[in-house]
Each structure stands twice: as C-alpha cells, then as structure tokens.
Amino acid sequence: MTKHEFRYASHPVDARSYGTDELRNHFLIETLFTANTISLTYSMYDRYIVGGAMPASEPLKLETIPYLKSENFLDRREMGIINVGGKGKVTVDGDVFELAKKEALYIGKECKEVLFENVDGEQALFYINSAPAHKKFPNKKVGKEDAEVIELGDEKYANKRILNKLLVNSIVETCQLQMGLTELLSGNVWNTMPAHTHSRRMEAYFYFDLEEGQTVSHFMGEPEHTRHIFMQSNQAVLSPEWSIHSGSGTSNYSFIWGMAGENLDYGDMDFCAPDQLK
Ligand SMILES: O=C(O)C(=O)C[C@H](O)C(=O)CO
Ligand SMILES: [Zn+2]
C-alpha cells in the first residue's frame, strides 16, 4: 500500500509567526514507517519527496502518486534510498541490491519497477528521498566502505561526529540528489553547528538511532529568527532553502541529510556563527 501527503512551501516572513502546531504541520514528517506501507510526502521545496518503506512478509511495490501525473514513479525522477533497519533488498527492474543498515542505493530516472523486501526475517526500514531528474544515470549501491568519510566537530563543543557522504557526485552521478549520513559520537549532541543555510538547495533531515525516551530539538528558521521542533527517532523534517538546519539531542543519535536544488556542490554553504543566531 502507498500513502501520500502534500506540503506547500512557506515564505520565511510568514514562518516567523508559526506556533508549535503550524511549525509541526508544515515541516515535520512524523510517520515514515508503517508495516506493509510506503509513506511519501511530496513537498513544494524543489518538489522533493521524503518517504519510508517498511515491507512485511510480501515485497512492497513502489507505485506512482497523483502529484506526479506519470505512469511510473520514476518516469521523470531519481531516487535515493538508505536502509536504517535490518537486512533488506531492493529490486529494480529485476536487478537485486541487498542493503544492510546504513547502506545506500541510487536509482536513476526511467526505472519502472521497484520492489522493497526484508531479508533473513529481519525488518528493513528504507528511508527514501526523490527529486525531479532530467537525465538517466545508472543505478548504484553505495556501501559504508564506499562512503567519503569526514570527521567533524570537537568534544569540547559536544559536536564530534562522523559524516558519511553516500550519494554525492564524487561517488555516484545524480541530477540533483545528494544524500549522506552523519553519526554523533557518544556524549556529543549538537549537529551542524556552526549552522548554515544554502539558498541554492533545500534539505531534509531524518533522525534515527536515538535512544528510547530521548529527543532531538531541531532548530530551523532564518538565522536571526530561529524556531525549534522536538523530534523522535525515525522522524524527518523539511528544511526550506532559507532555513538553518541544526539539532541538539538529549543523547547522541544519527541522521540522514538529503538535498536537491540548483547545484551539486556539497560545500556550498553560508555559515552562521553560533553567537550570531537569534
Ligand atoms: O553534521 C553535519 O554538519 C551535517 O551532516 C551537515 C549536512 O550534511 C548538511 O547540512 C549539508 O548541507
Ligand atoms: Zn545543509
């Protein structure tokens, strides 16, 4: 079964007046994983789609959704998938890609059949991002050993973390999509600090592996008008092109970042010094 919902884009000045419920309704994606379901949120930020697939005993088939007006989901789109659960496999037009936890798959435009399945009785959880695409690039699995790894932060600032670039253009050819996974080391809680914006690209963050009962406060908004959204494990948040995207947890955690827009330059960021945030 496929479920879908839609999010309009917000003007930054309008967003300044949003209360807790409006912020959560416009930006937070609370439920990504429901058994035997593909849950998709179509946003007007670069027409980016954020979703999750949680197969049960039968393979789950990717279906098109009404906003696309296309026969197949990927007729004019590309897709990135990162497994955040147990062993799973994705079959794309008959080609099988096994994905262990934290492994990624890029699926190019024009692929017709995509099936999500569990392997060895484990429960796979496939986190999905998709963006419009103008060109077909080959499908490619990117395992943890293929990632471009960067150590960031400092214990002193409680932000020591390992950033794994997975679906980025030095590793796989994509039209717009970039995805990767950042792991906060034990005792470290701040991600993406110093914070940044990149008006050339929107971004979505997906938090996971957060200890039971803990939370992450995700910070968003223009650097001088920030707001927060408390989030749980396995939830995602949309970050408009005008917004910072940073978080602080009550414990450490991991998160997946995904983005699309004007360029494929991961390092294209406008930094905001911590003492300048409001
Ligand atoms: O830990 C970080 O810092 C990040 O992971 C930052 C994201 O990759 C990002 O925001 C890319 O634009
Ligand atoms: Zn960013």
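Cβ atoms here come from the backbone N, Cα and C positions, even for glycine.
Bear in mind that the values here come from a model prediction, so they are computed numbers and not experimental data.
If you check TrEMBL, you get these features:
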- His196, His198, Glu203, His245: Zn(2+) binding site (BINDING)
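Known features from TrEMBL, placed on the structure.
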residue : record              : DSSP (3 states)
His196  : Zn(2+) binding site : strand
Glu203  : Zn(2+) binding site : strand
His245  : Zn(2+) binding site : strand
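Between the listed binding-site residues, namely His196, His198, His245, the fewest other CB atoms within 10 angstroms of a CB are found at His196. Same-chain neighbours of the Zn(2+) site beyond His196, His198, Glu203, His245, judged by a C-beta within 8 angstroms of the site's C-beta center, are, in sequence order, Thr192, Ala195, Thr197, Arg201, Ser239, Ser243, Ile244, Met259, Met269. The 10 Å shell around the Cβ of Glu203 (Zn(2+) binding site) contains 26 further Cβ atoms across the protein chains shown.
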